[in-house]
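Here is what Swiss-Prot records for this protein:
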- Asp8, Glu9, Asp106: divalent metal cation binding site (BINDING)
- 2-211: domain 'RNase H type-2' (DOMAIN)
Amino acid sequence: MMLILGVDEAGKGPVIGSMFVAGVVFSEEDIFDLAACGVKDSKLLSPTRRESMERKILSIARESFVLEVTAQQIDDLRMVMSMNEIMVRAHSRVVSRLQADRAILDAADVNAERFAQRVREVSGKPIDILAEHNADRKHIVVAAASIIAKVARDRSIRDLEAALGRPLGSGYPSDPATVRFLKEWIEENGDLPSFVRKSWSTAQRLKASSV
């Protein structure tokens with residue numbers, strides 16, 4: 001029985017919160033069940049639909065794993081490596097954690113072939129690894145992983161908002177609600193919270209303008 005691993009991330013670009021890299025393993029036969037459930041790229045689904053889809057995906061999957069990389073970890077790692085290399089390490093961790101004959105990744109590098117090669121090297125897994133741009137639209141196993149990762153990311157933002165009692169927006173630098181939250185937090189506390197990526201230019205600019 002051929003086992004195929006799909007891997008995708010959610011939260012690479014936000015200034016607020018963790019990044020999540022999800023891996024899900026399916027047999028070739030399971031792909032028919034995924035298709036019957038209507039699995040597609042997470043960006044094409046509403047948050048409610050993603051959550052209901054998550055339960056179906058996990059009930060079909062042979063194995064799954066979600067790696068969380070916190071804002072603090074990203075800041076620390078960026079002092080010694082590029083964001084591309086962080087993506088390689090995170091995807092490698094997921095690939096090495098799960099058992100499959102083949103892995104398909106959504107490429108997190110402009111050079112998809114180089115990304116696959118680096119993940120293969122770092123993971124140390126002797127399996128076939130394919131990385132493609134927009135793999136979540138081309139391969140249903142990657143679409144499934146994108147849903148799992150996105151739900152984990154959405155859930156973490158909701159949990160943060162509940163703990164703080166205030167809206168964070170999407171967490172992306174382009175979101176006015178996110179920028180407003182950061183400005184208000186700096187005004188009130190004089191610094192940025194631990195769940196913000198302080199190495200992001202948006203965070204640095206807002207912090208500098210408050211001095």
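Positions of Cβ are set from backbone N, Cα and C atoms, glycine also.
Here the features listed in Swiss-Prot are placed on the structure.
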residue	record	Cβ neighbours (10 Å)
Asp8	divalent metal cation binding site	30
Glu9	divalent metal cation binding site	24
Asp106	divalent metal cation binding site	27
Reduced DSSP assignment, Asp8 (divalent metal cation binding site): strand
Listed in sequence order, residues not in Asp8, Glu9, Asp106 with Cβ within 8 Å of the centre of the divalent metal cation site Cβ atoms: Val7, Ala10, Val21, Ala22, His91, Leu105, Ala108, Ala135, Asp136, Val142, Ala145, Ser146, Ala149
Across the domain 'RNase H type-2' (2-211), average pLDDT on the 0 to 100 scale: 95
